[in-house]
Amino acid sequence: MVLLHLMMLQRLEHFHKSFLRFVIKRLPLLHAQPNALFDYSFLICRSHLRLRLQRKNHLSFRSLSPSLKFHDLVLTAPEMEVRKPFICSCVFLSVMVFAQVTNGFYLPGSYMITYPNKRPIFAKVNSLTSIETELPFGYYSLPYCPPEGGIKKSAENLGELLMGDQIDNSPYRFQMNVNETVYLCTTSPLNEHEVKLLKQRTRDLYQVNMILDNLPVMRFTTQNGVKIQWTGFPVGYTPPDGGADYIINHLKFTVLVHEYEGSGVEIVGTGEESLGVFSESDKKKASGYEIVGFQVVPCSIKYDPEVMGKHKMYDTLSPISCPAGLDKYQVIREQERISFTYEVEFVKSDIRWPSRWDAYLKMEGSRVHWFSILNSLMVISFLAGIVFVIFLRTVRRDLTRYEELDKETQAQMNEELSGWKLVVGDVFREPYCSKLLCVMVGDGVQILGMAGVTIVFAALGFMSPASRGMLLTGMILLYLILGIAAGYASVRLWKTIKGTVEGWRSVSWSAACFFPGIAFVILTVLNFILWSSNSTGAIPITLYFELFFLWFCISVPLTLIGGFIGTKAQPIEFPVRTNQIPREIPARKYPSWLLVLGAGTLPFGTLFIELFFILSSIWLGRFYYVFGFLLVVLLLLIIVCAEVSVVLTYMHLCVEDWQWWWKAFFASGSVALYVFLYSINYLVFDLQSLSGPVSATLYLGYSLLMAIAIMFSTGTIGFLMSFYFVHYLFSSVKID
């Protein structure tokens with residue numbers, strides 16, 4: 001066994017030396033293509049696994065299935081002896097990533113696919129979307145040409161379903177490096193319903209979203225001399241005079257391809273699951289073309305349906321030019337037969353596959369975004385630092401002066417106490433609605449943990465736009481798993497306040513149901529609105545049951561387990577005794593809630609700029625990718641929320657107001673009010689394209705849910721920090 005173990009380590013050492021030589025030789029390529037390092041890392045880990053399985057089972061190198069994926073790289077207990085070298089490879093790769101990549105990066109949603117010449121490639125279609133209505137509809141809800149063999153839906157993850165995506169196959173077929181003009185079909189005469197639907201979708205500015213090799217189609221327009229890029233193309237065109245409506249029935253596609261010649265890399269498969277793997281020798285070469293861009297120019301052309309109807313699908317036509325006059329456009333009206341055609345041109349590009357998403361991630365006004373965020377971070381950090389330093393000096397000086405007094409003077413001073421020292425017998429008195437407070441703090445811990453982990457993974461590049469729905473799917477799964485944190489936090493706080501664990505099951509159950517119940521009510525109301533509009537954004541009833549099953553079978557048990565663990569944890573002992581008779585709170589010149597509401601302005605100042613970009617990404621169909629900035633903003637928000645709540649708690653204690661529990665929660669949680677008000681402001685002044693009461697209701701409903709989640713998470717930050725501060729403050733003085 002010892003000899004076998006040494007032989008295995010020798011093989012692994014030889015493998016790591018080969019790997020180092022491989023990476024060093026390709027460092028110039030990694031500088032030019034930083035994202036390629038992730039593909040190399042996967043190939044290394046996969047080859048490592050093959051070596052391990054070959055040692056264990058005496059398999060030939062070719063006998064391992066080429067469809068092996070990254071999630072299959074799992075070490076079982078008998079294989080723990082080779083775990084350390086394997087982890088060393090991963091750690092080394094992580095160091096190389098951060099050493100080579102100085103800007104943001106993303107992990108591709110699928111691995112590189114190479115296509116030989118004349119290989120057929122079919123585009124897919126997603127839901128029709130509009131920034132005016134925010135109601136997605138299926139592509140085939142309009143009279144478009146169906147594909148041969150019928151409509152087939154693509155498999156979608158949980159996030160895609162919740163986002164209203166509906167990805168179907170399409171009749172648009174391309175052949176690699178074959179430039180051609182193709183006929184699709186001619187529809188039957190349009191009836192009244194189809195005409196009404198086409199006109200409505202055209203005037204609501206609906207866009208057709210097409211996908212080729214996991215890249216959304218992109219078009220360019222020029223407005224006031226500025227070149228603007230869009231994803232998708234319009235259903236139709238309505239002239240400014242508001243006359244007739246015209247349908248887009250001819251598409252001029254441009255597919256950007258990059259010629260790939262791989263040395264020592266073998267291309268396996270031709271589908272979306274294709275992977276590059278190491279060959280046995282370095283002599284083999286594989287070549288093909290990678291798709292690195294997908295662009296379209298939409299046109300409306302009036303065809304003769306009698307002539308076009310004689311063609312069959314995929315018949316080749318002579319080149320077609322887009323007309324300039326409206327009289328040559330295809331009008332939308334009853335009894336019209338519409339012919340659909342397209343042409344494709346393949347253009348070689350210097351863009352490499354790992355960089356193909358860069359064109360989609362160019363955010364307009366990036367300089368403003370950067371400087372605004374940095375300016376906000378510096379100003380808020382400076383202000384919060386000043387407040388925190390002044391506050392610490394004040395409290396520390398007060399405590400130091402008190403501790404320097406002798407016992408006789410302290411006894412005399414105790415009779416003349418003022419400010420926060422007077423509430424020593426009431427400061428830890430149980431707050432009203434203590435169970436609700438425990439539940440909200442537990443849910444806040446769960447939401448904050450979900451947001452933090454999601455943003456960290458997104459900032460590291462594990463949730464790229466190429467992976468549709470991954471961000472939302474990851475958020476939901478993290479929320480379900482972090483139910484254990486919610487149960488623990490709520491029950492331990494309950495045990496601390498009550499001094500007993502009695503009723504912990506009720507607290508755990510309430511923590512598992514409170515925020516999900518609020519979300520369920522809001523989403524159900526919005527879903528009825530979507531159902532009534534026949535939108536693909538409506539959550540199917542089957543998905544409702546799936547979400548309920550996930551919540552009931554994962555989140556609820558984990559929350560109860562977390563609550564049980566909380567009962568076993570040691571309660572936090574209060575440093576002072578609580579009097580039996582509560583102290584009367586002196587009357588104030590102004591209501592305390594006014595100060596609580598005003599406290600939310602400072603945390604709001606840290607996130608309102610980033611909030612603008614997030615809202616723009618969600619409601620204007622843009623890609624949001626600056627998760628590194630969002631992570632910094634989140635960290636700064638946590639610091640500011642903690643400082644604001646502590647300062648406000650100290651101010652209340654100084655005026656002998658010992659009911660600080662809820663005030664500490666809402667001092668930082670009140671930022672949610674400003675977030676919701678800003679969302680309304682964004683709807684009125686920035687989202688002017690949104691029209692109709694249905695769209696406005698959807699927007700306000702989702703904004704309300706977002707604000708509630710922010711209130712829970714930020715309120716939890718402020719409360720926990722204030723609790724720690726009050727405990728520390730009264731532990732530092734000797735008052736009996």
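Just so you know, glycine gets a Cβ as well, placed from its N, Cα and C.
The transmembrane segment annotation in TrEMBL covers 370-392, 436-463, 469-489, 509-531, 543-565, 593-619, 625-648, 660-680, 700-726.
Here the transmembrane segment (509-531) has Cβ contacts under 8 Å with residues 135, 435, 438-440, 442-443, 446-447, 483, 486-487, 490, 537-539, 551, 555-556, 559-560, 563, 694, 697-698, 701-702, 704-705, 708-709, 712 of the same chain, all six or more residues outside its ends. For the transmembrane segment (436-463), the residues of the chain that approach it from at least six positions outside its boundaries are 35, 38, 104-107, 470-471, 474-475, 478-479, 482-483, 485-491, 493-494, 497, 507, 510-511, 514-515, 627-628, 630-631, 634, 661-662, 665, 709, 712-717, 719-720, judged by C-beta separation under 8 angstroms. Counting residues 6+ beyond its ends, the transmembrane segment (700-726) has Cβ neighbours under 8 Å at 427-428, 437, 440-441, 443-445, 447-448, 451, 515, 518-519, 522-523, 525-526, 603, 637-638, 641-646, 648-650, 653, 660-661, 664-673, 675-676, 679-680, 683 in the same chain. Within the chain carrying the transmembrane segment (660-680), a Cβ under 8 angstroms from the stretch's Cβ atoms is held by residues 427, 431-434, 437, 440-441, 592, 596-597, 599-601, 603-604, 607-608, 611, 615, 641-642, 644-645, 648-649, 652-653, 699-700, 703-704, 706-708, 710-712, 714-719, 722-723, 726, all 6 or more beyond its ends. If you look at the transmembrane segment (625-648), the same-chain residues 6 or more away from its ends with a CB under 8 A from one of its CBs are 104, 106, 361, 363, 369, 373, 377, 380-381, 384, 387-388, 391, 451-452, 455-456, 458-459, 463-465, 595-596, 599-600, 602-603, 606-607, 610, 613-614, 663-665, 667-668, 671, 714, 717-719, 721-722, 725.
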